[in-house]
């Protein structure tokens with residue numbers, strides 16, 4: 001993983017955009033399964049992707065806090081550095097949240113001790129704010145403080161960035177996650193304590209050619225990319241379809257319907273969807289997800305997950321998301337995944353939220369552009 005830092009130290013190329021490579025790692029779900037701990041985790045921690053998005057509807061928004069983050073299915077990571085001289089951290093680039101945080105050397109939790117920890121005393125540019133920060137998880141609260149320092153993302157140097165330093169991380173299971181922290185790429189309205197997100201500081205400091213970023217996710221361990229300040233046409237074919245952001249908090253859009261076997265099966269009266277790089281699955285209301293699972297032939301196992309017969313995948317139907325009148329089919333090869341034990345799992349997940357979360361399963365099929373200048377999302381068929 002740390003060898004990735006060399007790749008991340010790329011210069012902004014002549015086309016005026018900056019690329020940061022991502023690595024696809026093993027999900028915590030699979031690590032816990034291999035260690036025989038998944039059943040225990042699911043018994044003791046209510047896992048609900050929908051709790052990550054408490055503010056998806058502005059009419060019920062009262063207090064803006066950092067959204068809940070579920071780490072069970074995060075799988076794409078990149079390397080950034082903080083401080084002078086730089087200290088490297090592996091982070092999830094998460095369009096479903098807006099704060100940056102990493103572990104602090106002041107944290108004695110096992111989860112911190114098993115990851116890279118930021119040492120403020122070793123950075124000549126670090127400034128303490130005296131401010132506290134609490135980030136809520138399905139497994140408990142992450143407590144920390146807020147510091148200010150230089151944050152470098154690929155060749156982009158943000159010299160005055162507020163970020164969270166965790167002093168306590170909840171739950172023994174955080175020991176096993178493959179990333180050190182989170183870098184949120186959502187709108188500023190989601191950020192805890194009014195902290196300006198990293199992307200907004202990049203824009204404010206005129207570091208980007210354009211006020212947008214784009215994401216390509218590969219199924220392979222290497223090859224994924226976040227592109228800051230532009231669009232890389234080598235990652236997609238055909239034209240870009242643009243969809244307006246319906247609520248400027250998450251990267252939230254309006255979806256028309258969901259079709260399986262030419263039948264409208266969910267979201268029949270229209271619904272809201274969030275394009276989220278920090279969730280690997282596609283999640284939606286439980287009744288709709290159950291209908292999709294039934295339509296594609298998935299069966300529930302003892303963990304509450306849904307599995308399919310691996311030999312049937314090529315015959316399984318596409319799940320088609322209709323957005324702005326355009327159909328976006330996701331084939332069975334994209335929405336199923338072998339779990340390493342000879343079983344193929346469905347990547348559709350129940351959620352308590354009355355909205356859809358189009359995570360990495362969807363983004364792997366459609367190159368995604370997050371255009372803040374025009375408050376819109378662009379989708380194009382990924383290579």
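Backbone N, Cα and C define each Cβ position, glycine as well.
Database features (Swiss-Prot):
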type: ACT_SITE; residues: 94; note: active site
type: ACT_SITE; residues: 276; note: active site
type: DISULFID; residues: 107-112; note: disulfide bond
type: DISULFID; residues: 267-271; note: disulfide bond
type: DISULFID; residues: 310-344; note: disulfide bond
type: DOMAIN; residues: 76-380; note: domain 'Peptidase A1'
type: CARBOHYD; residues: 132; note: N-linked glycosylation site
type: CARBOHYD; residues: 204; note: N-linked glycosylation site
type: CARBOHYD; residues: 309; note: N-linked glycosylation site
type: CARBOHYD; residues: 350; note: N-linked glycosylation site
type: SIGNAL; residues: 1-16; note: signal peptide
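Within 10 Å of residue 344 (disulfide bond), counting C-alpha to C-alpha distances, fall the following of the recorded positions 94, 112, 204, 276, 309: 309. Counted within 10 Å of its Cβ, the other Cβ atoms near residue 112 (disulfide bond) come to 23, all protein chains included. Comparing residue 276 (active site) with residue 310 (disulfide bond), their Cα atoms are 27 Å apart once rounded. Classification of residue 94 (active site) by DSSP places it within a strand. Neighbour density for residue 94 (active site): within 10 A of its CB lie 23 other CB atoms from the protein chains shown. The 10 Å shell around the Cβ of residue 204 (N-linked glycosylation site) contains 11 further Cβ atoms across the protein chains shown.
Using Cα positions, the member of the recorded positions 94, 112, 132, 204, 267 nearest to residue 309 (N-linked glycosylation site) is identified as 267. The two recorded residues, residue 350 (N-linked glycosylation site) and residue 267 (disulfide bond), have Cα atoms 14 Å apart. In the predicted model, residues of the domain 'Peptidase A1' (76-380) average a pLDDT of 92.
The most densely surrounded of the disulfide-bonded residues 267, 271, 344, judged by C-beta neighbours within 10 angstroms, is 267. The shortest Cα-Cα distance between residue 204 (N-linked glycosylation site) and any of the recorded positions 94, 107, 267, 271 is the one to 94. Under DSSP, residue 350 (N-linked glycosylation site) is assigned to a strand (E or B) in the three-state scheme. Neighbour density around each Cβ, counted as other Cβ atoms within 10 Å, peaks among the recorded positions 107, 132, 310, 350 at 107.
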